[in-house]
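Colleague: Starting off with a structure, shown below.
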Amino acid sequence: MLQYLATAAALVCAVLFYLRRTALSVANAAIPPPLPDPTPSPAQPPKKSKPPSHKPHPVPKPRAGAEKKPDHPRLLVQLKGHAEEITGISWGRGGTVLASASKDRSVRLWSIDAAKPTSPKYIKVPIDSDYPTCVALSTDATRIVIGTGYGQTVRVYDLDKKTPQTYTQTAEFERGHHTADLLASLLSPTGKYVVSCSVDTTLNVWTEEGELVQSVRTNAVNNYTVKVSPKGRFFALGAFTTDVKIWEPKLDKSTQKVTSIPRAMDLTGHRRGITGLDFSADERRVATVSRDGFLRLFDIDVRYTVNEDPRILHTVPAPAGLDGAMELLALAPDARRVVVVAGRGFVVWDWEAAQEVEVVESAHGGGDFDVLWG
C-alpha cells in the first residue's frame, strides 16, 4: 500500500483489515514494491452447504460471474463466509490469525498467509444462545473473549487441548454489570485482566477468572472506543467528552492478579468527543481522532507519577483525501504513520512528512466497520 522510506535496511510490513457487512477485506501494506493484481481463477459454482463444524474449512468459492479481481492493487483477499454483519475483529499469533465476530452467532479464526492469500482456512466457533458484539483474541490465539448481545456480559472460549482446532466455552462473567450493548471486551496481552466497555458510561475490569476488580462510571454520556496497550501496561478510553482517560492496572506481586485500577493520565487538547485511538508498539505514543476534525499524536512517555503531563507531538486537520468525517484510526507499530478511516475509504498519513502517502477510496460498503494495523 505504501511507498516507505525505510531507515537502514529494515522494511516495515503491515496488514490492514477493514470490515464490510459480511466480508473482511484484507489490504497488504508490505513495502516498497506494489503488489500485482492476482490472476483471476475460473469462476466455479457454489458448493453445497455442510453441517456446522469446528474443523477448518476453505473459504467458499465465488459464484459464477462474480468479480474476482481486487478493487485495489493492495487488496490481498476478501474473507467471506459470515452470513450476517461482522461486529468485531482481533489479531493473534503475530498477525497470522484473525478472529472475526458476527451477528450470525459465530466467531471465525482465519489463518492468514500473505504468500498464499487465496485459500485461507478458518475454524468456526458457534456462540450458543447469543451473538457476539465484539471479540478479542489472545496473543497465542488459544483464548477468545467476546461480549454478548443478549446477556450483555463477557464469555471466554479456550482452545480444547484434547480436541484439535476446537474451542469450548470455559467461562461467562456475572451478568448485570452492564445494561447496554458492549462495544469492547478486551484481553490484556499478558492475560492478567479483561476490560469490558459498553456504549453507555460503564467500564469494568475483571480478572481472567471472571472476578470483578473495579467498575468505572466514565460520566461521559457515551463511550466510543477503548484500547489495551500492546504490552498490557495501560488501557485507554475515548468517549463523548474531549479527553482520553488512561488507566494503569496494578498487579499483586505474589498472585499476579489485578488489585487496583488507578488513573495514570489524561490526554487533553481536543474540543469534541474522541472516536478513535491507538497505542504504538512500545506504549510511548498514542494517536487520537476526534469529532473536532483533528488527528493528534501524543507522547505519553512522561513521569506521570509526579504530574508531568503528556506532550502533543502533532496536530493534523482532516487530510484532504477523506470523503467524510474521520471516525477511526490505526497507528503503525513504530508510530510513524497512521491509517485514518472516514466515509467509505481511508488515508495513510505520515506524521513527520506531514502528508498523505496513500488514499484508498470505497474500501468498504458502509455500515459498522473497524480497522487494525498488524
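For all residues, glycine too, the Cβ spot is worked out from N, Cα and C.
Just so you know, TrEMBL annotations never went through curation; they're auto-generated.
Relevant sequence annotations retrieved from TrEMBL are reproduced here:
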| type | residues | note |
| --- | --- | --- |
| REGION | 30-71 | region 'Disordered' |
| COMPBIAS | 31-45 | compositional bias 'Pro residues' |
| COMPBIAS | 47-60 | compositional bias 'Basic residues' |
| REPEAT | 79-120 | repeat 'WD' |
| REPEAT | 175-206 | repeat 'WD' |
| REPEAT | 267-308 | repeat 'WD' |
Colleague: Quick test of the contact rule: Cβ under 8 Å, at least six residues beyond the ends. What residues does that give for the repeat 'WD' (175-206)?
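Modeller: That would be 133-139, 143, 145-149, 151-154, 212-228, 230-232, 235, 237, 239, 247, 249, 251, 256-258, 261.
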Colleague: Treating G and I as helix alongside H, and B as strand alongside E, what does DSSP give for the repeat 'WD' (175-206) in helix, strand and coil?
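Modeller: Looking at the repeat 'WD' (175-206) with DSSP, the answer is 0 helix, 17 strand, 15 coil.
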Colleague: So what's the mean pLDDT when you look at the repeat 'WD' (175-206)?
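Modeller: Mean pLDDT, the repeat 'WD' (175-206): 93.
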